[in-house]
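If you check TrEMBL, you get these features:
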- TYR140: active site, proton acceptor (ACT_SITE)
- GLY9, GLY10, ASN11, ARG12, ASN75, TYR140, ALA141, ALA142, SER143, LYS144, ILE173: NADP(+) binding site (BINDING)
- 3-176: domain 'Ketoreductase' (DOMAIN)
- 122-142: transmembrane segment (TRANSMEM)
Amino acid sequence: MGRVALVTGGNRGIGRAIAARLVTEGYRVAATSRNGEVPEGVLGVACDITDQAQVEAAFATVEQQLGPVEVLVANAGITRDTLLMRMKDDDWDAVIDTNLTGTFRVVRRAARAMMKARFGRIVLISSVVGLIGSAGQVNYAASKSGLVGLARSVARELGSRGVTANVVTPGFIRTDMTAGLGEDLVAKYNAQIPVGHLGEADDIANAVAFLASDAAGYISGAVLPVDGGLGMGH
Ligand code: NDP
């Protein structure tokens with residue numbers, strides 16, 4: 001039987017592509033979200049990652065129906081973009097609570113069974129802007145940058161128990177999150193991206209499938225850019 005994988009935010013966009021891809025790789029996959037449907041063959045579990053009790057309940061459901069989580073992909077995330085001088089505390093808090101603290105909540109919960117099993121793969125979905133910054137996104141960039149420190153610390157804490165922790169940093173990917181960019185802005189971004197176009201959710205799913213695989217067992221604490229060269233390796 002395939003390993004058990006849990007993807008947060010698996011009902012749409014990048015998380016949906018990751019969940020579907022892991023199904024084709026033979027994993028038994030659960031996907032959490034607040035709303036919406038998950039891909040075929042995936043166990044859908046309602047969970048708002050800003051709520052500790054919902055995180056606990058979601059893991060309990062997955063453990064009961066599929067078994068302990070062996071691969072965790074922390075993908076759920078939001079933006080609340082505005083310039084620094086206009087940013088409200090609430091914009092900051094909502095993004096940090098979802099992207100950074102929400103990821104901490106699921107990683108901490110997943111680590112328990114991984115340590116016991118002496119196997120685990122943790123993949124955090126960050127962003128190129130967490131490394132190179134982005135005007136209008138101080139909250140989002142800070143949250144995504146924080147995931148690097150989180151993953152690298154987990155990699156050090158749990159490495160001897162067979163658990164790896166890595167980060168994927170997508171560039172601009174065609175999803176709901178980037179749907180509102182407008183043609184002019186997309187053309188501007190395309191000019192800055194060495195490969196010359198936005199990426200697809202499947203581009204991220206390919207990288208995650210590799211990091212989750214046995215072939216990636218000696219990779220930990222890494223930051224893998226999947227951004228068409230936008231961040232130039234950062
Ligand atoms: P979408 O906006 O398409 O999807 C976001 C996902 O996160 C949804 O499944 C959503 O669930 C879930 N989510 C948001 N908040 C919560 C919450 N509080 N609890 C549980 N689930 C939640 O985003 P993308 O697919 O584009 O992005 C996925 C990840 O990739 C994000 O972390 C994003 O920051 C990152 N990323 C995206 C890039 C892009 O260009 N698209 C670039 C770089 C990084 P629901 O539908 O229930 O709200």
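Keep in mind that glycine also has a Cβ here, set from the backbone N, Cα and C atoms.
All TrEMBL annotations are machine predictions without curation.
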TODO: Under 8 Å Cβ to Cβ from ASN75 (NADP(+) binding site), same chain, six or more residues apart: give me those in sequence order, or none if nothing qualifies.
DONE: VAL7, THR8, GLY9, GLY10, ILE14, GLY15, ILE18, ILE125
- [ ] Filter the candidate list GLY9, ASN11, ASN75, SER143 of binding-site residues, keeping only entries whose CB is under 6 Å from an atom of ligand 1.
- [x] GLY9, ASN11, ASN75
Open item on the list: Cα-Cα, whole number of Å: ILE173 (NADP(+) binding site) versus the residue listed as 'active site, proton acceptor'?
Closed with: 16
TODO: Within 10 Å of each Cβ, count the other Cβ atoms and name the one among the binding-site residues ASN11, SER143 with the highest count.
DONE: SER143
Task: Residues GLY9, GLY10, ASN11, ARG12, ASN75, TYR140, ALA141, ALA142, SER143, LYS144, ILE173 binding NADP(+) per the record - widest CA separation, whole Å - done: 25
Open item on the list: To see if you understand the setup: which same-chain residues, six or more apart in sequence, place their Cβ under 8 Å from that of TYR140 (active site, proton acceptor)?
Closed with: THR79, ARG80, ASP81, VAL95, ASN99, SER127, VAL129, SER134
Open item on the list: Taking only same-chain residues 6+ apart in sequence, whose CB is under 8 Å from that of ALA141 (NADP(+) binding site), what do you get?
Closed with: SER127, VAL129, GLY130, GLY133, SER134
- [ ] Rank the binding-site residues GLY9, ILE173 by the number of other Cβ atoms within 10 Å of each Cβ and report the first-ranked residue.
- [x] GLY9
Task: Within the predicted model, mean pLDDT of the domain 'Ketoreductase' (3-176) - done: 97
Open item on the list: According to DSSP, collapsed to three classes, what secondary structure does SER143 (NADP(+) binding site) have?
Closed with: helix
